[in-house]
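Copied from Swiss-Prot, the annotated features are:
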- 1-271: region 'Phosphoribosyl-AMP cyclohydrolase' (REGION)
- 272-360: region 'Phosphoribosyl-ATP pyrophosphohydrolase' (REGION)
- 361-838: region 'Histidinol dehydrogenase' (REGION)
- Gln660, His663, Asp764, His823: Zn(2+) binding site (BINDING)
- Glu729: active site (ACT_SITE)
- His730: active site (ACT_SITE)
Amino acid sequence: MIFPILPVISSPEDKQSIDEFSLVGQVLFPIESVSPKKHFIHQFPHDLDIFVNAIDNATTDQIVELLNVGIKQVFVNEKQYHDAIEAGSPSSRFVVAVDVPSTELLTSEASFVTSKPFSESDLKKYNANENRVIYIESNFTQDGAIELAKNYVPVIPSTKLTVKREEENKISISAVFVSTLTTDRPDGLYTTLITTPSPSYTALGIVYSSKDSIIAAIEEKVGVYQSRKRRDELWYKGKTSGATQKLVKLSKDCDSDVIQFMVEPRTGYGFCHRETKFTCFGDDIADSPARGLPKLDSTLQDRLENAPEGSYTKRLFDDEKLLIAKLKEELDELIEAKSKEEIAWECADLVYFAMVWCIKHGVRLADIEKNLDVKSLKVSRRKGDAKPQYQEAPVNSSYKLEIVSVDDAAAVERAMTRPVQKTADIMKLVLPIIEKVKSDGDKALIELTSKFDGVKLDAPVLQAPFPADLMDISEEMKAAIDLSMQNIEKFHAAQLPKEKVMTVETSPGVYCSRFAKPIENVGLYVPGGTAVLPSTAMMLGVPAKVAGCKNIIVASPPSRATGKLTPEVVYVAHKLGAKCIVMAGGAQAVTAMAYGTESVLKCDKILGPGNQFVTAAKMYVQNDTQALCSIDMPAGPSEVLVIADSNADADFVASDLLSQAEHGVDSQVILIGVGLSDEKLNEFQAAVERQAKVLPRKDIVAKCLAHSYILLAKTYKEAFDLSNQYAPEHLILQIDDAPSYVPDSIENAGSVFVGALSPESCGDYSSGTNHTLPTYGYARQYSGVNTATFQKFITSQEVTEKGLQNIGKAVMELARVEGLEAHRRAVEIRMERMAETK
């Protein structure tokens, strides 16, 4: 129930009166004093409702404008009311001046204001069984106000009111308030509920009030209650303990027998007599009030003022670029989330970073809530479309590739230019993760898996042998994996050196040798979570096994939905003889393998694809001498380049392009056509469109094709020159006599698929070649993963007496020129000794 007085204040500029009477919870301004701008309401206390008197003095547009900025109710006459209702305004937002309300008004949710009391029977009829507030305006005395306050809310100018017990020629608001209270308690006290204000609205406890304590509380604007032990004393909350309270608002319940004190407790103090407790109704400690968003709000404010050095939250406050990057990252992750649990998890992350941004700029949760309240009070709505810069560009529903002639150098350069990858912002996010895992080890892995993957683990590592129930897959899947691993092993075993030691006699008596040794500890990163990627585990693990790596460590995040590892990946790890599986993903998994933790063996090399965070972490650790860890290769978006001529099957070509386009909107898809007629070109375009329309990921395909190209070459040489310039991850040859062009015409490519019956899909899974390949043009200097990727090659030399005689003088001369005397002497001493023994 509202306080039984509505103070009239002459202007919003009268801050003193607003402050004095804000505990009433409502004030009325004349319309002449109000300028309804966008943020008009925000100048007032959060729990103060604003009313405006516009009777006979406002148009419908002006009234709607008042309602839109958050005015709780507008006082109007009946004509103004009807016009506003016709304009679509809700009746509940009006206080209508009436003598005798019409039937239409009586069936509405509007409040009334009258200048004289109604008869008892009319009052009962008009107040809708006490569900409608009726205000009354008059030239009140205190006794008159007390009498009318039983059934009405007196509207009284603030100049005639006082918060004191009594003041000459003024009406005491406390006298009016207590006159409306009732109680059935023998001691005559009133049950009183103590709560906090926005944003927590926490119930602190139950106390008891007397008329005297209420009068004192209103006058002093503090928490004052009645002591039940000492009836002749008032209880000033916190007078001895320091746990004082500021009175924000006073109200009563619908039966007028329970009072609500809304108070602001002193920071760091609770309400309960058990001094460590914030509220009598829970276990929250005094210096950590509330839960959820209110707790986050108070915690972040404390961190802003008192955060220790090294605090992540302080780092966010200090590094605005990092905070902006995290906001964008978390919004993207929320958009990508699918399950109820995943959406809630990602939304919580986004809210945290949004609140950091707000607190950094002086905005509290109560300010946000007030804006929500104001927006909920709007009566006219805009269409609500996104601003142009955020509207998604129309999808290329025609699924057409842009056609470029090789004679147009600028267009060719545009078609073959890959998107720029920005790593600086990503590294700002990755470095804190790396440092956390380095310092906290297993504990950090458990925390970060909970944070990023939504899975709470007891331990971050699954040791071999792996439980059978964690690799429970169908017999069909087992057969597919077994066949694929067999072919991959056969191809990679053939890459092993044909002889254990390769030796060459470079000069008579000088024997140079080279031999291969496996890298001892290798870490294989297999993306997981929502994806099922046993093929990646096979492509990385089988060559490691063939090379003879002693310890194979697999890292893969558990599924958010099940909390478990992908069973197909566990099965592959079992077949590989992996030592363990690190149940983590992202930069944290890479860091754990690079530096080691209590339960993760430090790896000498880390391999495997991943998102931008995985790539950034791999690039970082390979350059950190503390890690002493190498990686397979840099990574970028997946890509395919198809060379096709006029005899190529259009459906085959289209399927190869689309199998790459469905990977993601940033995938690269290029078709180089050799000597194509317009008819053949149209045949290719039609096949792409026909197949794309029926794909489950057709929207992703459409976006990819929107920046994909067909380059028209005149000759095969021209086509291969363009391909070598681009250096594709996958090169597919659908041309006549394709094998004849391999290897002489190919300089730069990750893997080549020769002929019409060699789709990329075969290489991705089961043919035997490796699908972990250089992207983004790195095929110019990197190979795909192969057996040698898991080996290091050691050289040795044996120099005999004859050999030293043959090369000794050359060595000494070169050492002399370079000024390395000890080098020269190392040979000279030996040659002198040989001469002495002759």
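Just so it is clear, glycine is given a Cβ too, placed from its N, Cα and C backbone atoms.
Worth saying up front: this structure is predicted, and the values here are computed from it rather than measured.
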Measuring Cα to Cα, how many angstrom lie between His823 (Zn(2+) binding site) and His730 (active site)? 49
Far apart in sequence but close in space: which same-chain residues, 6 or more away, have a Cβ under 8 Å from His730 (active site)? Ser638, Glu639, Val640, Leu641, Gln660, Ala749, Gly750, Ser751, Phe753, Glu760, Gly763, Leu773
Please state whether DSSP places His730 (active site) in a helix, a strand or coil. strand
Give the number of CB atoms, excluding that of Gln660 (Zn(2+) binding site) itself, located within 10 Å of its CB. 26
Count of other CB atoms lying within 10 Å of the CB belonging to His823 (Zn(2+) binding site): 15
Within 10 angstroms of the C-beta of Asp764 (Zn(2+) binding site), the count of other C-beta atoms across all shown chains comes to 18
State the Cα to Cα distance, in Å, between Glu729 (active site) and Asp764 (Zn(2+) binding site), rounded to an integer. 12
In DSSP terms, helix, strand or coil for His663 (Zn(2+) binding site)? coil
Run through the Cβ atoms and count how many others sit within 10 Å of the one on Glu729 (active site). 28
List the residues of the same chain that sit at least 6 positions away from His663 (Zn(2+) binding site) in sequence and have their Cβ under 8 Å from its Cβ, in sequence order, or write 'none'. Pro637, Ser638, Cys704
